[in-house]
């Protein structure tokens, strides 16, 4: 499957946010299979999570070498039945051993099996991996930027979160804009992840609940500095009137924060570059009151699982940038053309992928021939990325 539901208790590593997207041939194959279903069932098809999916990787969490199991009577009975004479069992493809922790804490090694068999539920039994984690079972979470919804799945959940935000800011009118998405097949009836426009660093912030996300978005948009002009943190802006860097005029970006010392906004451009721009050179567009993307559900893989799907040609990757967020949801997939990197063809590449790759080679040759005869139509591709203060941060218009 494309899901991985085990929850760990360890920290999340910092990482570069990345897009992953299905190869177009894979989406076409899923669409073809979807058409076999009766029309009334297509809306409920799990394939909808993957067709033209554009997933933003939001977290990479290290797998636990220890698993504390809170055992009900049924779980404990099953555990006693499955554990071998050496106290080991296979779980998620790894070998684990019952150890003297939890309700078996202090039990001598030679008495552990008898102690386990004597336990009554509810009980905590701790399993420890027989071999150290090699990162292959690390957990990767991502949300789909393509499947925007007309509204929330559970309006009451949203209203409770907004009411809590209003209580936190009793003097303010909270007008943060919310966009709702079907984020993926895991926990699809719950808000799993929220993305706030304008977070420091790459240009957005990832929050795990709606209250935190809306509070963060409103707090940043409502913050006022005397010389910041009409632009607000998290707002889409267009650059204009630059002289020394006229090449940046008309580019779009996100206003991240205002530097009171330099009297300039730090703006994250579509290619990921960070530039310092005076307020007079910015035109404020959407999102002046703060914006949050709300994801109902997400997708989860182990690292090994995702690498396996990638090697079969199902997924391509590229570095995410603010241009992917400020674009309408319907335009996010086309904007990845030319940016995605796919695994080379191997024995694992499936037949329909191999056929599509051959067709794409023909199309590419035709396109290159067209460009050679029409050079004025070519445009440079922009690579994303860079931490705050990265390339272009010296802009002083």
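Glycine is treated like the rest: Cβ placed from N, Cα and C.
Within the set 1-30, 31-60, the record from TrEMBL flags 1-30 under the feature region 'Disordered'.
Which of 336-366, 367-397 counts as region 'Disordered' depends on TrEMBL, and there it is 367-397.
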